[in-house]
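Features of the protein shown, as given by TrEMBL:
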| type | residues | note |
| --- | --- | --- |
| REGION | 1-39 | region 'Disordered' |
| DOMAIN | 44-457 | domain 'Kinesin motor' |
| BINDING | GLY131, VAL132, THR133, GLY134, SER135, GLY136, LYS137, THR138 | ATP binding site |
| COILED | 560-608 | coiled coil |
| COMPBIAS | 687-717 | compositional bias 'Polar residues' |
| REGION | 687-725 | region 'Disordered' |
Amino acid sequence: SFSKTPLLLPSLFSPIMKPETPQVRKPRPTPKPKTVERNVEQDPVEVYCRIRPSDSPDQEDCVTVVDPCTVKLTPPVNCFAFRNGSAKEQHYKFRRVFGPDTSQKELFDCVAKPLIADVLRGKNGLLFAYGVTGSGKTYTMQGAPQDGGIVRRTLDVIFNSIHDYQTKRCIFKPDRMNGFDGQCESDAFSDRRRLDANPTTRMTRSYKLRRDTGGSQDTSQRIPDTSRIENIDDDNVFSIFVAYIEIYNNYIYDLLEELPETGPSRGLQTKILREDSQHNMYVHACTEVEVKSPEDALEVLYKGDKRRKIAYTRLNCESSRSHSIFTIRVVQAPLDAQGEDVVTAKNAITVSQLSLVDLAGSERNTRTKAVGDRIKEAGNINNSLMNLRACIEALRENQMTGGVRKVPYRDSKLTHYFKNYFEGEGKVNMVVCVNPKADDYDETLPVMKFAELASEVNIQRGPQTVKQDLGLLPGRRRANQLFKDVRRRLETEGENVKNLEVDLTPIYTLAPEWPSVVYTPEIMDDVVAKLKAYLLKRINSREKLKSDLQDKIFVVRSSVMEMEKENILMKKEISDLRSQYSDAMAKVRSMESMLLNAESVNESLQRKFNDYNYLVDECNAVREELDMAKAQGQIEKQRMKARLKTKLEQEREKLKTGMIAKLSQQKSRIYQTQVRALQEILLDGNPSTQVSCPSVSDSDISQIRPTTRSQNKSNSDPKLEASNAIHTSDIFSSGVVNLRHRRSRSQGAEKWLDHRPVQEVPTGTVLQPALPRRKSVTCLRSGDLTEGRVSRYCLTSQQQDSEGELETKLYKGDVLPTVGGGSQVVFQDVEILRQCDPLAVPSRKRSSGGTPKVDVSTIQDRCAVGIQGHAASRQFGLNKRSRF
């Protein structure tokens with residue numbers, strides 16, 4: 001055909017001389033010839049989705065099933081996408097979606113059973129489970145004893161299908177190069193005897209595997225799968241080999257490796273990947289165990305599961321910390337012409353394998369709270385899964401764009417091991433396990449995107465397994481079995497069958513052999529009749545063969561005529577293609593000339609581009625220098641601010657100290673002036689009394705008011721107390737002058753801030769405090785004194801006295817501005833309002849300081865005291881005004 005005809009394109013692409021340019025550049029490589037594209041059959045990666053059942057009926061789910069092939073992903077309120085403002089519902093398509101109520105049997109029949117049929121027919125297969133931690137991957141692959149998963153059901157179906165076609169042990173032996181060698185029955189018998197005689201091997205096969213399981217797997221409760229694959233080649237014999245490896249921290253370990261019983265235990269040793277003669281990847285020196293029943297295979301599986309790396313995490317109590325790969329290899333070879341013995345030639349043996357992979361779950365340390373080795377394990381797991389995603393992305397990009405991007409298989413042992421599957425050496429299926437819990441939304445979203453990406457990748461269908469035709473007729477096994485049944489039946493009937501043999505090779509004769517004839521005149525007629533009957537049979541057979549020959553000749557002639565017609569059509573098509581080829585070559589030459597011109601223009605543009613880049617680099621360097629100078633100026637500015645701020649603080653402290661000293665001196669002078677004025681008043685009122693005024697320091701000014709009150713309270717003489725009260729009233733009757741601030745009162749600009757309690761008891765008296773233009777508050781803030789031009793402040797306090805009566809105090813003061821821009825309150829006086837019943841019996845108890853009666857008539861002229869009485873209310877009010 002034309003597709004197989006070599007095209008001598010390089011001769012047409014001879015190098016063309018280009019005009020000399022001042023810049024030396026490498027010669028352009030000769031383009032590779034383009035071949036006619038062939039229609040290569042491809043199979044897509046079949047991606048299935050399985051949704052795990054909810055842990056509780058009240059659980060909030062983010063994954064719901066829309067139809068048998070679509071799921072809907074709804075972002076919850078607490079997810080990162082919702083907080084980021086990019087949350088929206090998304091739909092994802094799969095080959096099929098298995099809901100929470102799907103059984104293991106239904107999943108297995110849809111996903112794994114077609115791969116088993118391909119493996120038994122000589123093709124390879126790969127099935128792996130992908131998802132986050134706790135999504136049900138291990139349960140999907142392993143299952144439970146009562147309800148097996150994919151691995152257990154696969155073993156059951158394989159052995160159910162080849163139950164009658166298995167070979168004896170040791171007929172096939174691994175050659176340590178990813179292949180198998182066949183041997184005759186005698187050599188296999190010797191190997192079986194040697195293995196049975198070896199106590200280590202016997203213990204390993206019978207007791208050690210069961211002991212390693214530790215009783216964790218109860219085989220008595222196992223329910224096997226009874227289904228099987230039909231249309232198996234019954235002229236072949238089969239043998240099953242299993243291997244179990246894991247990839248932990250990007251290292252490969254053989255889980256079936258035999259460790260020494262005694263001596264220091266070194267643990268499992270790491271294995272390496274190699275490539276065989278067929279360019280297939282395999283694990284070197286990996287243990288492959290030949291099994292003859294599902295129970296033997298499950299014992300091997302249990303032993304490997306006990307050695308797997310699992311650990312407790314916050315999300316899963318038995319979290320897989322490695323990728324486990326359980327490989328089932330099917331070795332088959334045909335029977336000989338007699339249907340009795342196995343053909344052990346190397347070219348007659350066919351090997352196919354099915355890899356069942358349980359990938360470790362991707363996870364985030366913020367959720368698992370992992371520490372120590374768990375962080376390292378999670379990092380290696382996430383790296384291998386990311387590399388798997390990178391390989392899928394590269395394959396998809398190459399298929400969508402026709403590019404030749406390199407697929408990074410070697411970046412991870414996982415992808416390197418499965419490199420052949422993605423390059424067309426088998427069929428690839430993937431089961432995406434999803435936990436619908438809303439807390440797993442941020443981890444489930446990347447899994448869904450990866451599944452959508454993988455479903456768009458097509459795997460090139462590998463070459464069909466071509467079995468070498470040994471010239472053997474089909475049905476040999478059945479014919480041999482029929483012959484053995486006939487022979488056995490004859491033996492039971494007492495016939496002698498020692499010399500009875502059968503030859504199943506094809507025989508082509510015109511008729512049965514001529515019978516032996518003994519010529520005698522007596523039996524002449526019988527002999528002639530017998531010969532005539534044999535001759536008639538021979539003539540009939542010949543006529544039948546002639547008719548068959550004519551039919552075959554007609555069929556062959558028709559086939560030749562069809563081939564000639566097709567040959568004529570192909571010749572015309574070839575001539576048309578050659579003309580198209582010549583036109584294409586002419587276009588190629590013109591495109592090459594255009595390409596040369598474009599390359600020269602490109603070179604000039606490249607030079608300009610380099611010059612522009614040089615200018616950009618210079619501008620960037622200048623900009624960096626300016627930025628550095630600007631940053632240095634900012635630093636100097638900050639330093640200068642710091643120095644000025646320090647100097648300002650020092651000057652402020654200095655001014656504050658001086659002002660405090662001046663204020664103390666001024667207060668001292670004012671106090672001395674008031675003392676002298678008080679002496680003059682006292683001397684004028686009572687000339688016979690002399691008052692000595694001791695010198696009082698500035699620190700005692702703030703203590704003079706409470707000292708005076710305490711002395712008055714401790715005095716027991718009523719007359720003396722009244723006299724002291726009069727003297728105190730006279731002393732503090734004069735106003736205190738604030739030399740720093742004076743508010744003009746000519747226009748009546750006073751504004752009061754009335755600070756009252758939250759729950760105030762009404763007094764109900766006739767006289768009320770006069771507070772014009774007041775602002776009432778219950779909770780004082782810092783801005784109440786500075787806002788609204790407040791000049792006076794009044795604080796109201798209510799409490800019970802010793803007699804249980806209500807006592808109200810109003811503390812009044814001036815609001816003065818401060819140097820720092822705030823306000824301060826200087827209290828000037830206090831008004832005390834006591835309410836009592838005039839008819840009440842006075843208490844016999846006296847306070848500690850004593851409460852002497854005051855003679856109002858003696859001090860009426862010198863102290864303003866107001867007395868009010870009302871007969872109806874029987875209340876007595878005393879409004880006393882005192883000065884601090």
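Any Cβ shown, glycine's included, is placed from N, Cα and C.
Note that TrEMBL annotation is computational and uncurated.
Here the features listed in TrEMBL are placed on the structure.
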residue : record           : contacts (Cβ under 8 Å, 6+ apart)
GLY131  : ATP binding site : LYS137, LEU359, GLY361, VAL432, CYS433, VAL434, ASN435, VAL447
SER135  : ATP binding site : ARG52, GLY361, CYS433, VAL434, ASN435, ASP440
GLY136  : ATP binding site : ARG50, ARG52, CYS433, ASN435
THR138  : ATP binding site : ALA129, SER320, ASP358
For the binding-site residues VAL132, GLY134, LYS137, the one whose C-beta sees the most other C-beta atoms within 10 angstroms: LYS137
Cβ-Cβ neighbours of THR133 (ATP binding site) (radius 10 Å): 23
